[in-house]
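Novice: Feature table excerpt (TrEMBL):
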{"type": "DOMAIN", "residues": "28-115", "note": "domain 'Pyrroline-5-carboxylate reductase catalytic N-terminal'"}
{"type": "DOMAIN", "residues": "258-395", "note": "domain 'Ferric oxidoreductase'"}
{"type": "REGION", "residues": "1-22", "note": "region 'Disordered'"}
{"type": "TRANSMEM", "residues": "210-228", "note": "transmembrane segment"}
{"type": "TRANSMEM", "residues": "258-280", "note": "transmembrane segment"}
{"type": "TRANSMEM", "residues": "301-322", "note": "transmembrane segment"}
{"type": "TRANSMEM", "residues": "355-375", "note": "transmembrane segment"}
{"type": "TRANSMEM", "residues": "387-408", "note": "transmembrane segment"}
{"type": "TRANSMEM", "residues": "428-450", "note": "transmembrane segment"}
Amino acid sequence: MSRGDMAKPLLGHRSLEGDPSTPAAGRTIGVLGSGDFARSLAIRLVCSGFKVVVGSRNPKRKAGLFPSAAEVTFQAEAVKKTDVIFVAVFREHYSTLCDLADVLAGKILVDVSNNTEINHHKESNAEYLASLFPASTVVKGFNVVSAWTLQSGARDGNKQVLICSNNQEAKRTVAEIAQVMGFTPVDMGCMSSAREIENIPLHLLPAWKIPIFLALGLFLCFFTYNLIRQVIHPYVREQKNKLYKIPIEVVNTTLPCVAYVMLSLVYLPGVLAACSQLYYGTKYRRFPDWLDQWLQHRKQIGLLSFFCAALHAVYSLCLPMRRSHRYQLIETAVKQAVEKKMNIWVEEEVWRMEIYISVGIIALGLMSLLAITSLPSIANSLNWREFSFIQSTLGFIALVISTLHTLTYGWSRAFDENQYKFYLPPTYTLTLLVPCTVILAKVIFSLPCIQQRLLRIRRGWEKGRYVKFILPSATGEFSSGETSSNV
């Protein structure tokens, strides 16, 4: 990016300088450091209407990396010109700033650093910086925002900026700066929260670990089961080498099983939660931790289900491209020619495959809609009723259609003894257990007697709760009494 390009606001952001509603706009902000984050921070501050002074140990060499509107000078000179300074240097370089301790006294230092490992040091970087400069006020913030988000604008990344400090006034000043830059400041409390804030960017998909392990576990189980049926059984019984089926056929048989079961696991915890509420007659009893965690991971489980379903669709389209499939077609054609069979049309199989493929396409389309609406940018544009209709109603319809897709695949083969290899039932029959349980439970819950009771519980009614009522006495006056709400 050229120096001239850096001077242009990336989002066409209007300068807020002079706007009385934003007192932080137009003030001078200092940035110590000349790395990628410092450069992105300076660009964003300039685009937001601030005057930026960058402090560097080599200002002449680093000046071309910053927008022309920003002043690049020596660190001591930059510190003297502002009261709010972003410290954009690594923890191991904090000691190089000790010579500026007298100049930094009484100023607000915003620590934006992160570590390379979780809890790498006994104390947080912000606390360490505060110990080096006790006469300054340290605020932890902006470390959860990436350099790309700073350059592209808050609309292209997480808008939240987590802030903590022991000084309320300093936090308020940094929060105002964050608001002018287009971010949403979140007060995380005192400086003791800095350790937690610094660990946030280091977590690798924390909400995805359990769903991913669940998907991998299901994949390994179904893959092993299909391997036994499709590869090991022919070798043991007929001495046929079917190892070529492993990369495509076995995987393609496993993926829909995982997708189908994972989709049912999205709606099973809701069924268990409803059963718990009906049993205890209240919505205020806390769910067990395992059920609570399950409910919180439904989004990730659903997205992984869609991922496996999409892979299954791609693998299925590639089946006719295999060399083994071409050999089998030629072999079948030769056999038919030898046996002089002119018509091999089987009406039942034709209809089964037509319905099977059509229903599968509809199921994949509905799962695509569920996946798209789970994205924050799409979900935020929907009201609660729209989101609930898509994720709950259409999601259940997707589960029902997926069940029809599975049943159409099986057709009458579940009653064919040749399908039970090593006395093991076909794989698709195993996948039907959990989804059919969920569908049956949903049907039972839709019965008026149960639906009304569940609705009352979710509106606050509790079994065994006593409520006050008023009765007229013999003298015509009214007296109060109590009765149980479950009478």
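Residue numbering: from 1, along the chain as shown.
Placed from the backbone N, Cα and C atoms, the Cβ positions cover glycine too.
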Novice: Contact between the transmembrane segment (210-228) and the transmembrane segment (301-322) is defined here as three or more C-beta pairs under 8 Å separated by at least 6 residues; is that satisfied?
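Specialist: Yes, the transmembrane segment (301-322) contacts the transmembrane segment (210-228).
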Novice: Between 0 and 100, where does the mean pLDDT of the domain 'Pyrroline-5-carboxylate reductase catalytic N-terminal' (28-115) sit?
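Specialist: Across the residues of the domain 'Pyrroline-5-carboxylate reductase catalytic N-terminal' (28-115) the model's pLDDT averages 93 on the 0 to 100 scale.
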Novice: Which range wins on Cβ pairs under 8 Å with the transmembrane segment (258-280): 210-228, 355-375, 387-408, 428-450?
Specialist: 428-450
Novice: Same-chain Cβ contacts of the transmembrane segment (355-375) under 8 Å, 6 or more residues past its ends?
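Specialist: Cβ under 8 Å, 6 or more out: 263, 299, 302-303, 305-306, 309-310, 313, 382, 387, 390-391, 394-395, 397-398, 401-402, 404-405, 408-409.
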Novice: Please list, for the domain 'Ferric oxidoreductase' (258-395), how many residues fall into helix, strand and coil according to DSSP.
Specialist: 114 helix, 0 strand, 24 coil
Novice: Which residue counts does DSSP yield for the domain 'Pyrroline-5-carboxylate reductase catalytic N-terminal' (28-115) in the helix, strand and coil classes, in that order?
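Specialist: For the domain 'Pyrroline-5-carboxylate reductase catalytic N-terminal' (28-115), the helix, strand and coil counts are 39 helix, 23 strand, 26 coil.
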